[in-house]
Structure formats: C-alpha cells, structure tokens
Amino acid sequence: MEIFKEPVNVVLRQFNSNIENGLDKSTILSARKKYGKNILKITNSRNFINILFSQFKSPLVIILMIASMISYYLGQPRDGSILLVIVLLNALIGFYQEWKSENILASLNKLIVNKCTVIREKKTIEIITEDLVPGDVVKLYEGDGVPADIRLIHTNGFSVNEFILTGESLPSDKDYLFATDKTIPFVEIKNCVYMGTTVARGQATGIVYATGLQTEIGKISTSSQKIKVPDAPVQTEIADVAKKLTYAILLIGACLFGTRLLLNDSIPVALVFAVSVAAAMVPEGLPAQISMALALAVGRLAKRNAIVKKIASAQTLGSATVIASDKTGTITKNEMTITGCYFNSESFLVSGLGYEPQGNISNEKNIVMKKESLGDLKIFFLSGFLSSTGKISPPDTFHSTWHAIGDPTEAAFATLAIKAGFTLEEIEKEYPMIKVFPFDSVRKRASIIRSHKEKIVSSVKGSIESVLAVSAKIISNGAVSELTTTQKEAIMAKATAFSENALRIIAIAYKDLEIKKDYTIEEAEQDLTFAGFVTMFDPPHSQVKAAIELVFKAQMKVFMITGDNEVTAKAIAKNIGLMNPNNTFPLVINNTTLQNMNDEELKKVFSNRAIIFSRVSPDDKLRIVDLLMQQGEIVAVTGDGVNDTLSLKRADIGIAMGRNGSKVAQEAANMILLDDDFSTIVVAVKEGRIIFRNLEKTIKTNLSSNVAELTCVLFGFAGSFLGIPTPILAVQILLIDMIGEMFPLTMLTYDPPEKNIMEISPRNPKDKILTKDTIKGIVFSGTIMGLVSFSAFIITYFANFDRSNHYEKAITITFISIIFSQYANLLSRRTYGAALGSYFLSNKKLLLAFLFSISCIFLIVYVPMFNYYFHTSPLLLKDWLYPITAGSVCLILFELKKYIFQKNNL
C-alpha cells in the first residue's frame, strides 16, 4: 500500500488505530512483536576482536616479534620467550585501555534518551522513541526530531528540515491535505514526514507507518553506517610527537646495532639488542593512555549529567572564559508556575506549585473563586488556555511529578484552567483548533484560531509590551471599551512591579473573527481586546548561586541572555548572585540598546565579568557569540530551541538542554545537559581543567621516563668504547615500561583536582602541551634520571668487581634505580605543591599501582625463575640503598627545581 495515496481513515484502519484514542495495549504488543523496536543498527565502535588484533598491527610490535623469533633461531629461547611474553602482556594492557575507552564512549549514547509525544489509550503521554510502533498517533512540535516515518493527519503551519535525506537546505512545507494518485519520489510527498528529519516550524499530528530499518533512512544506509569519533587536539599532538620520536630512536637503534657489531656481536644478536632497546624507548602506549584519560573524564562527566558528544570537546571545556547562558531552563528550572492573575484592575492569587492541577484562585479579599462566580474572569482563563498548545501529564516512567508535554509556558495555562474549574477535554471539544501562528522572537507572541458554535475566535498571548501594542480594546466590568494610553501605562506599571519580584509576565488578549476559509497573522493579531496578564515564577536551580560564585573565582565571565524584560532579568540576577564585585547590579543591555551599539562599542563592554542581555533575539545571541570569539574568548553557550542552532554551532562549546531542548539543538551542540542545570556547566568546566592537568602529567611523565632510559643507554653506548658493559639489557627496559610506567601512568588519570584548580586563569586551548620550555624540562628530568641510574650501575659494578655475579647485580640495581627515579618523577609532577604533602594520598588507585609495581620488582629480584629469564640477581638489604638513593636524589632535585621556578615565576 502506498500510504501517501490513501485517505487518513484507510491508513488508520490498516493499523487498527484511532486519532482520538491512539493504540491500546494489546495492539501495541502485537505490533512490537511483528515489527520489533524502532531503532537503526549503527556500528559506532570497534568490537572485541578488532581491538585485540589492532594491538599487534604496530610496526614496532611486529619487529619485536621478529626479534623474538630470531632469538629462538639463535638458540636463545630464554630471551625469545621473554620478548614474546612482554609483547603479549603489553598487548593485553593496551587492549584493556582501548576496550574500556570504547565501552565508556559507547555507553554515553544510552544516556541520551530520545522521547516523543503519542496518544495511547485516550491519553497524551511521552514514550521512548524506540518503543514506537506502526499505528501510533504522534504529535510533532517545532524543534522535534521526527521519530519514524509518519503519515500526517493534521498540520498547522508545518514544515520540516529534510536535508539529511534530500540535501536541500530550505525547510519543506507539509500539508496533510496533499493528495495525488501518481507514484512520485518520497521527497516530493507532502503528507508524510521521515525519520531523521526535524520540525522547522508549526505543529502536526500523524500516524506512524514505518519504524526502524523499514523507514526511508533505514533503507538507504543505516545498517552499515560507521561513525568516526574525531581525535582531541592533544591526541593529534602526541601522535605526531610519538611518530617523530620513533624515527629518532630508530636512528639511535641503528647506531646501537653498529656499535654491537664493532664489539664483535653477530648480526642477529646485535639486531635483537638494537630493536629491543629502540622499541622499549618509543612512547607507543602514550596515545592509548591519553585516549583512556579522555574517555574516563567523559565518563565522569556523564555521571554528573553532562554528555560530551565529541571526545575532542572534552579538552576545550577547561579553557572556557565566558559562559553565555540562557536564563529560562538553564539558570532557572523551566517549571512554570502561574502565581497570580491581573484582570479588570484587580489582582488574583493562584496557589499550588509546578504543573500539578491542585490549588485555588483567590481575589484580593482572600475569597476563593469558584467556576460559577468567575463572571468575566471566565473569558480570561479561557483565552489563556485557548491560546496554548501545551498539555500536562501525571507522574510516569520518566517523571516523578506532574510535568509539561510540549512548551512549559504553554502547559502552565492548562494547569491554571483546571484550577479555575474547567475540564480541558470539554474545552478542546467545544473550541476545535483551526490554525496556529506559533511564537517567534520577532513578534514575541503566539495566537491560535478556533471555532466555537457559529463563531471564530483568535486567542493571543505574549510579552506584555507586544500584546499591548496590538490591543485596541479592553474588557472591564462586563463591557468592552477602548483601551486608552493611560490604561496601557497603568497596566505596564503594574506588570513592572511584579517583574521586580522575579516574576515573568505573560499577557492575554482575544478577538472575534469573520467566518472565512483562511486567516492571516495580521487578522489574528491586530485590534485585539486586552484581557489581562498572568505572573509566572520559574525558580532558579538550587546550586546556581554557588556555581556562579565558583565561576567568578575561576576568573571567568557569565553573560545571562534572556528574552524576558530587564526588570525580571535583574531580579533573577540578584537572586542568584550574578552581581559585580562591589555587589552592584551588572550592566543590562536590552534589545533596543544592543541594536544601536556598533561592534566596537559592544566589544568594549565585554570586559565586564557579568552582563545581562534582555529581550534579545537569536540573531542578537549569535552576534554576541561571534564578537566574543573575535576577541579571543573561549565561549560556552547554551541553547534549547531551533533558533539557537547557529549559536550552538558557532561557539567553542555548544551546550544543549537534555530535558527540554529540541532535537535540532541537541544535534548542533557539543555537549548535552541531562538535568538542564547551569551548575552542571561549571562542573564540566572543572572536569575539563582536571582533564588537561592529568593529561599534562601523564605526557610529561611518560616522555621524561623514556628520555631517562635513552640517557642511560647512551651513557652505556659511550662506556662500551672504554670496555664498560651495557648498564641495562633490552629485555629489562621493556620490563620497566610495563611495570614501572604502564600501571602507575594509567592510574595517574584518576588523580583528583588540586584545591586551587578553579582559582587559576583559563588556559588557551591553542597552547600546546609540548612547548620548547616543556621539552627542555622533560629532557632535564630524563637526563637526571638516566645519569643517576647509570651512576648507580658504575658504582655497584666496580664495587662488586671481585664477585662472580657482579654484572647481574649491577644491572639489577640499574633496573630498579630507573623505576624508582620514575616514581620520583611521577610524584613530583602530579602536584604543584610538595610531592609528599597532603595530595600524596589523594589517589588510592595510584598508590595500589605503586604497590603492585613494587611487588613485581621483588618477584623479579628474588624468584629464581625470574632471575633466569630477566638476568637479575637477588640483592642484599644494603644493596637497596643504591636505588632508594637514586630515587631520593631525583625527587629532591625535581622538588628543588619546582620550588625555584615557582618562587621566581619561571
């Protein structure tokens, strides 16, 4: 059956559905059994086998395996076996790191729950999109993602962005009345919408006819689609450094090979030595450690309700200098409670909180108003509800309380109507909808045209300024009269007084229309009769005040961007502590002032730590973000609607709302807040700083350790011309990398933040970790470690020259000295304070890694089997003084250098 050719009643009958009632439970169960879940099978991660085998694709691993085979060929099974075991162990550790990283990233998608609004068993509810089945009646609103292929059964100014399917950038208008008996391409069908597209404008109701892989997008490519996650800048930087180091060390390996030949080693023996040493000193595991550090950080953020969609964004978070935040739904909860009404020069108090329809309406004499005694107030409450499309729903799987379905502001009028004694179903039946003119940021109002008996009425709501501007009459004492300028000024004064108490004002008006086929927006919204206004309270999130205080400590700025008037915005700012250092109100710039400012004038005011932008449009918001970025600021911007898309894409960090954000905004953003809470942004910024600090520690520690090994080998290289044997064997260097570096460095990524991490200036994300000064520091540390370890070898080698095992003992001490000096290097680098101060015990996982590493050292030194395979020798108690001294000397020198540099601000 070609759905688009069939009448609506035929389509409904095909799926045993009903426009008003939707599907019942038994039909849903049988449909799910028949069609399965509404999901696309997208492969976005590597599987177990891929990751395991990728560990053996590295050229250096392949060379080590060849070296192992050569050792077997030369009759040296001991060295061959050790090389093979080390390759396998390194592969397993690398596999663990990558597998954990992949699992963390893959699990993030499960946290983003896509929901849609459906009618089931006569109730309008929200469900997970994957639970949709053919026959479901779905309601679509501006900004929604289309959750399946849907045949439209009602539309109101409805258009859809179909770029994902057609490549066409302009929205495609849709009309449920579209009819044809021809077979046409699906992109030309006007009475259907398709999974993966998004609603650009208007509202619609439709019936699902295809889900999952049976949808148009499912047929095209999804079954084999792969998503590539971009690398973070630090990953690219380190991969490049590792590549260059590989070439340099391979050159050194060639020199070592030549030297061994000069010392009369055979070609295979010299090759095994040179390749093993070179492979051990290349920081091959560093990229995997960085990936794991980033993935762990992203996982920690997810637990705090912040989903980072691209791992590359995790590095940028800690660099943010400005947070440009919406007020409604980010700073505040977006849980609109109508607290009062103003009608006919009288104020009314509305009790109750949230969307639960429990509460009373009382007048200034504290008399509770009943439906029968409302009088002209009926027109006011009716007009408020009739101008709205939002609905309310009781607690369910996703919500612990009564909640809004659709726009939160619109839903508040449904709660108000019930409190006034109306039955919503009866009103909707008596006043069927004809046409909707949705709210936009230019008009700052919305209107709905409905029929009632033999009349047509337009119900309008919006900002107090915009509604008064198009109102010519007012209802008062049962009569409609001209709305005078004096009356308008009195109404505005009353509204301003409420606004100063952080209350939002929504004005209501109405108009009777002539009966005709169609209506324009001008006809619906001109020459209105002003009914009154409601006051709404949207409480701030509980943690916002503390979060803003922390932002200011972190030397960042907060710009509040809102569509509300400046009086309401200032009241909220005072409530949440968004103030200047001297506790005065921040600069407030309204839309008119903003329009009159040129770019240079606007840039000058950006030096303020807090600014309120009121009554701004999405275009104004984009301009603010653009100019901030031109000044070199790193901007985190929030958004929840279709019109925020450009700002979210333009900003360094686009942050969309997870609960009340549109699908379009979520797709454009780098990060999604599952709790829609400003304080979560601050948590994410802090985590971003922790990410960078831990990456910095890991990279510098790893590279300086490799320089230490290289330094020791190069001193041995020079000593070989004086008849001094090699201070450390290749197999021991490989072992150092595994037990001395791999485990502690992996656990270093779990380091908690230092106390002052949110009190320092944000870093520039363009700054590289490996600057010239950083490289000098790495070379300095590595040289000290290598020199101290080589000195330990020389002293013990000649001090025990008369003993039969003096060489094995000397290289054993060198082996342990390098590991202990690496411990010193790691401990010194992990904190700006004293290495053995209060921060020392802060990372239990790292301490366990040290214990495990030391336990392995004892096994290698004292177990005869390991002595045989690793060329080690048991040490006496006094022999431990050498490696302990080596580590202590390194720690003292590193701490002294750190102290001198900090004291002189170097």
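Cβ coordinates are placed from backbone N, Cα and C, and glycine is handled just like the others.
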Worksheet item: When TrEMBL marks a stretch as transmembrane segment, which of 403-422, 703-722 is it?
Response: 703-722
Practice prompt. Considering only the recorded stretches 703-722, 778-798, 810-827, 880-896, state which has the highest number of Cβ pairs under 8 Å to the transmembrane segment (728-750).
Written response: 810-827
Worksheet entry | Counts by DSSP class (helix H/G/I, strand E/B, coil) across the domain 'Cation-transporting P-type ATPase N-terminal' (2-76) | 43 helix, 2 strand, 30 coil
Worksheet item: Between the stretches 245-263, 703-722, 778-798, 847-868, which wins on the count of C-beta pairs under 8 angstroms to the transmembrane segment (880-896)?
Response: 778-798
Worksheet item: So which residues does the transmembrane segment (847-868) touch in its own chain, when a touch means Cβ under 8 Å and the partner is 6 or more beyond its ends?
Response: 78, 735, 739-740, 743-744, 746-747, 808, 812, 816, 819, 823, 841, 874-875
